[in-house]
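First the structure, in the form of structure tokens, and then the observations on it.
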Amino acid sequence: MLRTGAPNGDLPRAGEVHTGTTIMAVEFDGGVVVGSDSRVSAGEAVVNRVFDKLSPLHQHIYCALSGSAADAQAIADMAAYQLELHGMELEEPPLVLAAANVVRNITYKYREDLSAHLMVAGWDQREGGQVYGTMSGMLIRQPFAIGGSGSTYIYGYVDAAYKPGMSPEECRRFTTNAIALAMKRDGSSGGVIYLATITGAGVDHRVILGDELPRFYDE
């Protein structure tokens, strides 16, 4: 299994646990939708079918995890700790851009030791909903982003289906359809779909179970 963000495109170490994955985030006016599948594997074995890959960094900021499960969670934990201190010093919630910079810096600093890619998405009072990619020390804001091993199967779909100005419900449907398509094609993605809709009012968590997933023409 090749992992997005793995140094030099290397293969996983034997027995290592991976979130070999489909993750996605979409901006809308007033917030973001972030989603993921839930399969975790070690080699050929599925070790967790319902792992939530959406990890909170702060009250209105989440990251989506891919790569080595342990490495990705370690980066998320370090970033959450730094952002908590940052918020205490400023006496106000951190910006989403600040969170993305923290994740980017950790990922780049430990690029030879940790194999993970985190997508950062959230809401703040200055810029509203934002989505950032942080792979390999890069930092770029996008209206939507996909990642993980399953993303290679859905580039055509998301490019064709994305429309600027979508409502929160349209973004949830767009994210659900894209991840379900990836889960159908990618053997390293599967399980259920976790969704988080982040706005100034808070975070709305949803789980799309297996019998609720969209069905496509070949099923």
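Note: Cβ is positioned from N, Cα and C throughout, glycine not excepted.
What Swiss-Prot lists as active site, nucleophile is Thr21, and the listing cites similarity to another entry. As annotated by Swiss-Prot, N6-acetyllysine applies to Lys53, Lys109.
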Sequence-distant neighbours of Lys109 (N6-acetyllysine) in its chain (C-beta under 8 A, six or more apart): none
Distance, Lys53 (N6-acetyllysine) to Thr21 (active site, nucleophile) (CA atoms, angstrom): 9
All-chain count of other Cβ atoms within 10 Å of Lys53 (N6-acetyllysine): 28
Collapsed DSSP category at Lys109 (N6-acetyllysine): helix
Neighbouring C-beta atoms (10 Å sphere around the C-beta of the residue listed as 'active site, nucleophile'): 33
